[in-house]
Amino acid sequence: MRLSFCGNDNASAYNISAGVLRNVCFVDALNLVPHVFLLFITFPILFIGWGSQSSKVQIHHNTWLHFPGHNLRWILTFTLLFVHVCEIAEGIVSDTQMKSRHLHLFLPAIMGFVAATVSIVYYHNIETSNFPKLLLALFLYWIMAFVTKTIKLVRYCQDGVPFSQLRFCITGIMVILYGLLMAVEINVIRVRRYVFFMNPQKVKPPEDLQDLGVRFLQPFVNLLSKATYWWMNTLIISAHKKPVDLKAIGKLPIAMRALTNYVCLKEAYEEQKVTKDLEITGTDPSIWLAMYSAFGRPILLSSTFRYLADLLGFAGPLCISGIVKNPSNSYLSSEEFLRNVYVLAVLLFLALILQRTFLQASYYVTTETGINLRGALLAMIYNKILRLSTSNLSMGEMTLGQINNLVAIETNQLMWFLFLCPNLWAMPVQVEHQSKGLISEILQPAEPWPIISSKGWEAVSTVKREDFLSRMSMSWMWSVSLRMMTCHPFPAHISSTTDTSHCFYFCHMAAALVTNGYFSWGSGLATLSNINIRIPTGQMTMIVGQVGCGKSSLLLAILGEMQTLEGKVHWSKYSSLKDVQCSQFPFDITGCLVNRYSVAYAAQKPWLLNATVEENIIFGSPFNKQRYKAVTDACSLQPDIDLLPFGDQTEIGERGINLSGGQRQRICVARALYQNTNIVFLDDPFSALDIHLSDHLMQEGILKFLQEDKRTLVLVTHKLQYLPHADWIIAMKDGMVLREGTLKDIQNKDVELYEHWKTLMNRQDQELEKTTLERKTLRRAMYPRESKSQLEDEDEEEEEEEDEDDNMSTVLRLRTKMPWKTCWRYLTSGGFFLLFLMIFSKLLKHSVIVAIDYWLATWTSMDNANEVRNVDDVKSTNKVAVFSILSGAGIVLCLITSLTVEWMGLTAAKNLHHNLLNKIILGPIRFFDMTPLGLILNRFSADTNIIDQHIPPTLESLTRSTLLCLSAIGMISYATPWFLVALVPLGIAFYFIQKYFRVASKDLQELDDSTQLPLLCHFSETAEGLTTIRAFRHEARFKQRMLELTDTNNIAYLFLSAANRWLEVRTDYLGACIVLTAAVTSITEGPNSGFVGLGLLYALTITNYLNWVVRNLADLEVQMGAVKKVHSFLNMESENYDGYLDPSQVPKDWPQEGEIKIENLCVRYENNLKPVLKHVKAYIKPGQKVGICGRTGSGKSSLSLAFFRMVDIFDGRIVIDGIDISKLPLHTLRSRLSIILQDPILFSGSIRFNLDPECKCTDDRLWEALEIAQLKNMVKSLPGGLDAMVTEGGENFSVGQRQLFCLARAFVRKSSILIMDEATASIDMATENILQKVVMTAFADRTVVTIAHRVHTILTADLVIVMKRGNILEYDTPENLLSQEDGIFASFVRADM
């Protein structure tokens, strides 16, 4: 057939006698002119190219959207392209009805399609290069195209072409589109003024694009790149060569930062108070209304996208229905044209593309909005935390676990709620997981492990484990359903009122004044009563008193941390910083907290940041080298800093886990000294220090460093030997001020009190250094000193790593390799039977599903072949019966498969948790000193949560999606074998998409996890150090840090979400290509309609499940990291709990006498370490009171650990009452001995539980123990008595009271042997003297071994052992040792004089 523009079958085609515009062929030719014009003008410019010389600012040039109407232009152009495709198809279909080729029917449409494509490419280059004058060519093109299409439309109207004809509809739509594009161009000219105006508008790039650190470009790229996430290609591809780090993802755009969204949410929240007069009605503003006001618009936009996607979902079945009917004729009307099978195939393809594009756009908008909401909520929660009263935390109203729950779970649930808002049938939920609190309680400090292990309380831990498992089972049951996250009001009772009407002048010599003060911890009962004190300016005030008298509470009351029932606290203008301009009036803390200036505060319980030593000391202040050195010298920190691997740049672990108690205390004191404040509060800074460090700190740090600067110092202490240095003394008793004045005043006014103090001061103790060499070794095991051999080994490792880095193929192979071995470990953790049942049931289920579809397709094909239906009713009945059986089997198998997967997941999680908990409980003590607490808690919280909640659904989804895709490909290939040919390139494309995505997704998920942990730690650190932060007035600095951490975590999550969208768009488009291929091949082959429809329906399922295969594969790869981490702990060597003797062979009353024989004992902490005890020999008679003393590193604490087999006894033995302890089961040994450690440990629960965890004792015995420990009256005054609650860590009791509870706990057991390792460190001297006498009385017939750091505590002992470097140097009664004037013990005692 010959080609001709107007055709050769009609002579009148070229007749223009009626006018050129009346000739259809000429009008079509006229429509070619604008397209040729645009191509002729733009192609040279596109090929020659130009720079972006008009842009004077360094920006992301290819993302700067300068021109208005950008999105509308792209939408109109895409619509124009689609209409051009319809015009081409209509022209080709019409041409097939002609006897010769009529090029005018489709050639202008093809040229129009090319011109529209060139126009958007041309516009994009002009826009990103900021060269608006070249847009004039597009403006002329839109005018010409609009005119020519209008002429064609008028021609159709004159010829009476009906509206039902497709050609008329297409022409009318194109006239509208060209007109709108022309209007967009006119608007650009109006706004930018680049032609027809004297002064063109100067534009400034967005602030985000001026910052090259902003790398999240989704809000700034063009619409096509937004829809396809094309801008992510660079990151995805580069991740395959180099791991993605924080530098690669950059910073958040300003509009997405936490501060921006916090301001927006807060304004919406506060606006309700104004608009609704809530203060008058007394109701609180609604956080839900505030969220809707701040973030409602993007949610509505997302819902719109989702509804459009759902509507387009109907196109698939309709098109498939048309294709299956397979009509043989083609029509030219609009209605009948759409019945063409090839047109339907193309429409099906375009509908799928558009549907998935809208769907991904909906997902992105909700994800971005959810992230913005999360950032705003985190900022609001953090501000609320900073305003919490101390009583909220100390009384258990708000715990660290609840705060972590709010930050890590509740805010994420709200984010997911927004993500699923368009799905009205599903809402996000998670059952609040409280197992973290149970594990955290066991592991909170490093020190409970000696308590749990030494007392044989593993059974109690097992009870808690069972409680956890029951909770986990309940969580699994609830994981099937979803609930709405509820916004709980955040409890906070700010201790101060808002009364600002009282301001007083008072003596300029007083830095602070308390008048008629009554203060409470929130219970309504006054903890401090009738407080009338003053703090002299520029002098040292000491607060002294017995344990629990209210010394620390008084400090906190002055700082505004307690609830004020009555009275006032006033601050003098002279207590402010020197460089702050003060008003002439003093300020009332209860009136306005912000007017109290910064106070340097060191709490009784050391609080450290997870930062370097230097950062903990300077605490945000400018670094002054001279001042820094003076402070570290005054606190004797330099020797400790020298031991750290990176000096003062060494990272302090969580809660200072890698430092001793004394080191933590001295760093906190150094922080207070370094700050340039006029007032310093030190709460018992000497409690964790030995006498040498205490004296040095007093002389160099307090008397010299602080007093020379005339700084006001308030010091709480039990060290009465320092009273002569005090300028002012406040004596406390039972929550009231007993005496106030100088030491001389008290001597004159209260002779009895002065004489009591004098007696205690005359018996000053010589404290030997507390922090033993063994503990230093343990604490610093994380940072070992590098020996020459270690350095050589590391050099060799570095060379090997460099060689591997050079081998790029090795790196890529490791980064793309799936952890199949770890997957197998997880699957086998659930049991081989369940694994086999899961695999078998899944294969059988999907086989039945395919069989059902195949049976229906066969049935349909037989009917369409016009087989006799009414003749053979038996066959019809058989078909129904087979279908019913298969359907019933499918339903049963679906249920069995779901239950099997969940059952296997629950069993695997339970087994892994059970094994992990057993390993931890049975782990050696060195493991806990070497392993950070946060790392252990992470295994029980984050990692266990992943194993419990995430891996089972991911595994189920992966297997389901994979089997569905394989089933679909098999069915399509069976229906249309030619599909296998097209499957090859599609399979290659899919392989590379998943290969690149998995690597990038893994890196981004790890970034998301690694950036979330510092955020959680910051919230925890803030809650723990709330008093210190507020005392220093550093709230603003910590807020800024929180915002930075939130933004860092949000940008990681945002990139992860964008990577998921990148994958889904590509797999969705790939699935659409599969559908198009299947449709075309089925049309070409023309098989029976049943299998054609079945093949196309299966092709549609591929579109839904392809991306889930890749995403689940990537998710499973990351989640298996949790299994790998748990297994790393499971490989830890446990203590030998079994022993050689059966528990039944040990007498029930063992040890009855308390006889101890130490024979040639050699002890070390690990096989590769040197011994800390060397051939120690000693004999302790039954009932003897033995004191063990020695300097640092002497081995005395190691000897106490050896009694409980917490260290490696590699030679010698300890025999107690005739039984070698190395042969005893550990539980039996540790449950028969008692120990009191230096650091007091209490668990959350009742007082009864803390004294008697195994519930074996009567109340009388418990009250007797409390009376011995001087706690009976205090406990009786508590609501509930023995059932009164102890909050987390015992925070509702003072440190001294906690130590007394530990003493009572030891008394309850009444073991024949009691070991006391400096059990009176936090107790005042008067209470200590009483307790020493009580111990001697209550344990008169029992053996007591005292590890002495204060020599006077063992002067009345029956036997004294002096140790040095792991050996016993002196061994005799105190009297005999004192008679040896040149002896070591005698020298210790002389140092006291």
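Cβ coordinates come from backbone N, Cα and C, glycine included.
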Among 337-354, 823-840, find the range that TrEMBL records as transmembrane segment.
823-840
Among the residue ranges 32-51, 592-611, I'd like the one that TrEMBL describes as transmembrane segment.
32-51
Who are the chain neighbours of the transmembrane segment (72-93) in space, where the CB to CB distance is under 8 Å and they lie at least 6 residues beyond its ends?
105-107, 109-110, 112-113, 116-117, 119-120, 123, 166-167, 170, 173-174, 177-178, 180-181, 184, 222-224, 330, 332, 337, 340, 343, 346, 350
Close approaches to the transmembrane segment (32-51) from elsewhere in its chain (Cβ under 8 angstroms; 6 or more beyond its ends):
107-108, 111-112, 114-115, 118-119, 121-122, 125, 129, 131, 134, 137-138, 140-141, 144-145, 148
For the domain 'ABC transporter' (512-759), provide the mean pLDDT of the predicted model.
81
Mind checking which residues of the chain, 6+ beyond the ends of the transmembrane segment (823-840), have their Cβ under 8 Å from one of its Cβ atoms?
897, 900-901, 903-905, 907-908, 911-912, 947, 951, 1116, 1120, 1123, 1127
